[in-house]
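Take a look at the structure below.
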Amino acid sequence: MKNFLQQINSYIKEAFNAGKYLYNGFSVTFDHLRRRPVTVQYPYEKLIPSERYRGRIHYEFDKCIACEVCVRVCPINLPVVDWVMNKETKKKELRNYSIDFGVCIFCGNCVEYCPTNCLSMTEEYELATFDRHNLNFDNVALGRLPTNVTTDPSVKPLRELAYLPKGVMDPHEVPSSDTRVGKLPEEVYDWMRSESNEKKDKASNPNN
């Protein structure tokens, strides 16, 4: 009889734990059902990276002094700095600079410790290629400025997702005339400009 009661007690505990696990799992599922989608229809839509996004490195050849600080602070000694010593000026003369983005971990140490700020992180993340050797960028390729997602006319940024009407989850086919939760960046800019103009008018005409 005692063994039977123990089996019943164990069965009840297992059933209770199973129900608890199911509740926890479904609570996460239902919680995500109320959230907005985070996926986009790439490449027709692109997410706008944050201001501190660490994308492809931009390099300015004219500012570089070939100090090789970027090489020393890089965890994998990635940047290749090709220079020669100028005997007349007794200074380093930079010949070539390259970074292999197939190996780069985008930690940003080279950008942070560069004494002349010749390196900077961009918002470019489209580095996919069929040949890994194409990811080895020289100083010419590094010097090209990437296409800004916010000004790229060939794509539709998902910026409006944060300004959808209340209760709308799908950003597609939303009429522009619908009342939105917040103002679009262009509307905020126009409002700030109008406020600035009004202040200037009041300052120029204090009697009005």
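Glycine is no exception: its Cβ is also placed from the backbone N, Cα and C atoms.
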CYS104, CYS107, CYS110 bind [4Fe-4S] cluster 2 per Swiss-Prot; candidate in CYS67, CYS74 listed for that same site: CYS74
Spatial neighbours of CYS110 ([4Fe-4S] cluster 2 binding site), counting only the binding-site residues CYS64, CYS67, CYS70 and Cα distances within 10 Å: CYS70
Pairwise Cα distance for CYS107 ([4Fe-4S] cluster 2 binding site)/CYS67 ([4Fe-4S] cluster 1 binding site) [Å, integer]: 19
Residue numbers, six or more beyond the limits of the domain '4Fe-4S ferredoxin-type 2' (95-124), whose CB comes under 8 Å of its CB atoms: 48-49, 53-65, 67, 69-70, 73-76, 78-84, 132, 135-139, 142, 145-149
